[in-house]
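Enquirer: The region 'Disordered' annotation in TrEMBL covers 1-22. Marked as domain 'Acyl-coenzyme A oxidase N-terminal' by TrEMBL: 26-146. According to TrEMBL, the FAD binding site annotation covers T152, G191. The domain 'Acyl-CoA oxidase C-alpha1' annotation in TrEMBL covers 289-449. The active site, proton acceptor feature in TrEMBL is assigned to E434. Annotation comment: TrEMBL describes 483-660 as domain 'Acyl-CoA oxidase C-terminal'.
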Amino acid sequence: MTALNKSIEPGDSPDLTEERASGTFDTNAMAAVIYGSDKFAQRRREISEAISKIPELADSAPLPFLDRFGKVTEGSRKLSVILENIDKLIDPSSYEEGLHLYTEVMGMEGHPLALHEVMFIPALIAQASDEQQVKWLGRARRREIIGCYAQTEMGHGSNLRALETTATYSPETQEFILHSPTITSLKWWPGALGKSANWAVVVANLIIRDKNYGPHPFMVQLRDEDSHEPLPGITVGDIGPKMAFNGGDNGFLGFRNYRIPREYLLNRHAKVEADGRYVKPPHAKINHSAMIRVRSHMATGQGALLAHALVIAVRYSAVRRQGYLEDKSREVKVLDYQTQQHRLFPSIARAYAFIFCGFETIRLYDQLLIDVQNGNTSGMADLHALTSGLKSVVTYQTGEGIEQARMACGGHGYSMASYISEIYGVAIGGCTYEGENMVMLLQLGRYLVKSIEMIQNGKSRELGPMVAYLAENESEIDLNLGPNEYLKVFEYAARNQTWRATEKFQKLRNSGMSNEKAWNQASVELTRASRLHTRLYIMSTFINHVGSIVDQKVKGVLIDLLNVHVTYEVMDIGIYVQGLLSSNQMDLIRNQLYVSLETIRPNAVSLVDSFQISDMQLRSVLGRRDGNVYENLFKWAKSSPLNKTDVLPSVTQYLKPMMEKSKL
Ligand SMILES: CCCCCCCCCCCCCCCCC/C=C/C(=O)SCCNC(=O)CCNC(=O)[C@H](O)C(C)(C)COP(=O)(O)OP(=O)(O)OC[C@H]1O[C@@H](n2cnc3c(N)ncnc32)[C@H](O)[C@@H]1OP(=O)(O)O
Ligand SMILES: Cc1cc2nc3c(=O)[nH]c(=O)nc-3n(C[C@H](O)[C@H](O)[C@H](O)COP(=O)(O)OP(=O)(O)OC[C@H]3O[C@@H](n4cnc5c(N)ncnc54)[C@H](O)[C@@H]3O)c2cc1C
């Protein structure tokens, strides 16, 4: 018989083999669903295999034992090995293959090309004119230059209108003069800016004849291409250690009347003519497109991070034995405890949901990019609202899920041997970057309020498909009918909360309060509406995606997972559905959730194995594919630099004299 879970091998922990044998579906078929096609899932496996054959691509030491300098150096070393071997490893024209290669080899601690690939090149694609692309895009793609995206300043990140860096046009010389007038105007945070990048897309206020036209993107050379020294007029450096991404060099940047040619304003959409005439872009916020792109990709990215933590926690929970259930002769796998399942399985469902929802969001972004290139910007507001809410909800829930995964691993979860804290640090960075979560929830809040105002003004028919439910009346709910009924429960909650929050805002405003004050006083309620609306979107894309799956065994287990998702999510928002569901109905849902946890239990390990995250990529002793945790945990501890000698110099120098003194 062919094993359904392709990851069973001799020498594996019998506990994990038992788990894999109980799986009811083919993990390669599930991987094809997770990665969008059988072809790409297969390519991922081939790339991982090819990587494992090049020993120089392996970490030279477990990353947690390296200091900051070691991490930054290790990133650049591995990058150079990747680039020497790239044609053997991937199709260099495939973004997805490249992402997999980088993620596996470089890990998630940051590297010199992260922002080059994620923001610099996409900004050039979206914002550089055809002519400018000829000049820079090829060079960037060939990595002749390393770029970053420098927008945030020490004093301002969220409020882009208050950025202080100026780019003043000089018609006499046809140049822009970049200047940082204050300490707070220093660019602060951009990834790879500090030490690696020699070029940047810099966002600065465009000033023409004393008039401020707001933030615009400029292509700026920062360092000499031969010596890599900063150019005169540029102050640049690293901002120091962070919660995570310590293999990366997030940086600061200041300009002292630094001149760039007129042609260096990225001018696909907005232009400055030689005489200083400003040509407006087709949409006021078109310069924000690099951010919309990253936000559109964040649901899959965060789903993948959550998946990393769950692979570790679920596999470990199947080999960790502690305490007893009925059989007192052998301790039980901790995965058999209902509390452990309740802690982990809804997060497995969320990881799948985020990935599926991410596919749909990336599709919407790709369509928008085509539309915008053809001059049609009408979809921008919808996608801005959607991705603002989505990035906020997925990053927050991913952080929650990873932290639960850490606690689910007990003491060993707290050790860097689990690697979960690194994944956590990386994931929660997403709550802040690409727009602080509260700020972005309020952007969606604006859109929801406007939607309600359209309904109030008799324009319900003009509502987009994602907010049409706000105009509907609630219907009876029959919870025995499955996920679509749960969707109606969520629609009820989101609709009710959006109306309540909007009415609160309107009431305050109508009482004579200023628009801004009324908005501020309704803002907590508005963020709640945004979260419910976004969770509804995630749930509906999960349901649609599962509906489209052909492999019946895969579909069967995803329906089980969907049942975990819908029942958990509805229990989680209980306070918002009190007017709709009776306490008997809530009890029924709670029991359905407990049953669905039991149903998913035999497939738990296969569901996380299906993410097909290699041991190299996972970098976790607890999450090893073979489950041989304990002997490797001991090996890992022994490799600690502190264990190189039995007696540390700090003992000889300080502790010994202290103890000697105490003896006197
Ligand atoms: C398979 C996957 C494998 C994955 C592997 C996993 C490995 C993971 C490794 C992780 C690697 C991660 C790499 C890390 C990358 C990090 C990079 C980070 C980069 C950054 O952070 S760049 C800086 C980002 N900065 C921000 O986001 C700033 C946030 N602020 C804003 O965006 C704006 O200021 C604003 C949106 C809050 C407000 O903008 P503004 O002031 O201009 O506008 P107003 O408030 O006045 O609003 C006016 C109207 O304009 C609308 N609007 C605003 N923006 C847009 C837009 N983009 N499009 C359309 N419309 C927009 C508003 O809604 C207003 O409309 P209204 O009609 O008037 O209401
Ligand atoms: C890991 C990481 C990588 C980054 N990479 C880059 C990069 O490559 N390029 C780049 O340009 N930037 C980058 N950034 C910067 C990032 O985009 C900003 O930090 C982010 O946009 C938040 O802005 P802020 O720091 O100004 O937060 P602030 O706006 O100062 O937030 C502080 C608090 O104020 C609240 N707040 C602010 N405004 C409002 C409001 N209007 N209503 C209600 N509450 C409000 C926030 O909710 C938050 O609680 C990165 C940041 C991190 C952490």
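Each Cβ is built from the backbone N, Cα and C atoms, and glycine gets one as well.
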Enquirer: For T152 (FAD binding site) and E434 (active site, proton acceptor), what Cα-Cα distance in Å is obtained after rounding to a whole number?
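Expert: Computed Cα spacing between T152 (FAD binding site) and E434 (active site, proton acceptor) is 10 Å.
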Enquirer: In the same chain, which residue numbers or ranges, 6 or more beyond the ends of the region 'Disordered' (1-22), come under 8 angstroms Cβ to Cβ?
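Expert: The answer is 28, 315, 318-319, 321, 333, 553, 602-606, 609, 625-629.
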Enquirer: In Å, rounded, how far does the Cα of the residue listed as 'active site, proton acceptor' sit from the Cα of G191 (FAD binding site)?
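Expert: For the residue listed as 'active site, proton acceptor' versus G191 (FAD binding site), the Cα atoms are 12 Å apart.
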Enquirer: Of T152, G191, the binding-site residues given in the record, which has the fewest other CB atoms within 10 A of its CB?
Expert: T152
Enquirer: Tell me, what is the mean pLDDT of the domain 'Acyl-CoA oxidase C-terminal' (483-660)?
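Expert: Average per-residue pLDDT within the domain 'Acyl-CoA oxidase C-terminal' (483-660): 97.
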